[in-house]
Amino acid sequence: MANLRKTHPLLKIANDALVDLPAPSNISVWWNFGSLLGLCLAAQILTGLFLAMHYTSDIATAFSSVAHICRDVNYGWLIRNMHANGASFFFICIYLHIGRGLYYGSYLYKETWNIGVILLLLTMMTAFVGYVLPWGQMSFWGATVITNLLSAVPYIGNSLVQWIWGGFSVDNATLTRFFAFHFLLPFIIAAATMVHLIFLHETGSNNPTGLNSDADKISFHPYFSYKDLLGFAILLIALISLALFSPNLLEDPDNFTPANPLVTPPHIKPEWYFLFAYAILRSIPNKLGGVLALLFSILVLMVVPILHTSKQRGLTFRPITQFLFWLLVADVAILTWIGGMPVEHPFVIIGQIASFLYFFLFLVLAPLSGWLENKILEWY
């Protein structure tokens, strides 16, 4: 008799994805981040659910309800710290996952890659509306500044902003709908993740060589299930350590002050994981231009597969493009630093140079270096 896990209508779906899935034998720890993102999403949904049980989405009580969660709810402080810092770990894993995809040419699985970019946008939206919920100073002013960017849309801009606000300013209606969005979006992310996996399992995983690995596959369980569990343990230990020892390390001090529409904080800035995009937004002196640059800083990932010129898939054997990849990593680090700095000399010009380089690397230098490496291969 055939094994139940291979015949049962539900179990065989799980079996084909988690047990008998053929995986390349040589995928490295860089292939762990997909499952770590799944763990992050599960942790965020779980902690978020418990926070939502005690949170009130009303401007009169939102700030107090978060304080109440941290002071009076059993282990509420832990749940809140895990949720807030879990978002940071979520984005660390996302950026490493995208970096892996760029380095090893995983973007050539176009459907998987494009769903991944959509997942990134959904996660950024979720994190943004979530940051507004505690209704501190930075929550309020962050919401005001970022939603205001939509006024740059020609003709319908102002109507669009007021429609999203539900009034003439960021107010009670805004907070209530942002809570609704923040509750709903993670489940949409979970659904999109399933689509991401469906497309991935159509082709199978890429591997560090970028070569076809059909001749050398091993089963996902036990090899990679245990490898993933090791990753889970490391991530959870890191997250719990941050949440217990230094929970406010990545938090903005302004957000410990209740929202006040009459007092603008001296430096309005988003959470650290959005600073690179914020720096690109600020580096263009025109409002609409800045908004488009902000949007394209993420959407540029979608054109990466189209601009792939190399005969080789990954960067394993491509030293010139390798150098450009690490230049991009350094550039994003510089943009992250600039995004948290005041708008004054020399930060403005550094941000503008870094923003230009960001797009130049993706759109010009990477395709050129791929072409050049092809030529070098022909010469030798």
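For all residues, glycine too, the Cβ spot is worked out from N, Cα and C.
Taken from Swiss-Prot, the feature heme b b562 binding site covers HIS83, HIS182, and the record attributes it to similarity to another entry. Sequence annotations record features per position, and here Swiss-Prot assigns heme b b566 binding site to HIS97, HIS196. The annotation ubiquinone binding site is assigned in Swiss-Prot to HIS201 on the grounds of similarity to another entry. If you look up Swiss-Prot, you'll see 33-53, 77-98, 113-133, 178-198, 226-246, 288-308, 320-340, 347-367 marked as transmembrane segment.
Distribution of Swiss-Prot features across the structure.
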residue : record                   : contacts (Cβ under 8 Å, 6+ apart)
HIS83   : heme b b562 binding site : GLN44, THR47, GLY48, LEU51
HIS97   : heme b b566 binding site : PHE33, GLY34, LEU37, GLY116
HIS182  : heme b b562 binding site : GLY48, THR126, VAL129, GLY130, LEU133
HIS196  : heme b b566 binding site : THR112, ILE115, GLY116, LEU119
HIS201  : ubiquinone binding site  : ASP16, ALA17, LEU21
In contact by Cβ distance (the transmembrane segment (347-367), the transmembrane segment (288-308); 3 or more pairs under 8 Å): yes
Recorded stretches the transmembrane segment (33-53) and the transmembrane segment (347-367) touching, at least 3 CB pairs under 8 Å: no
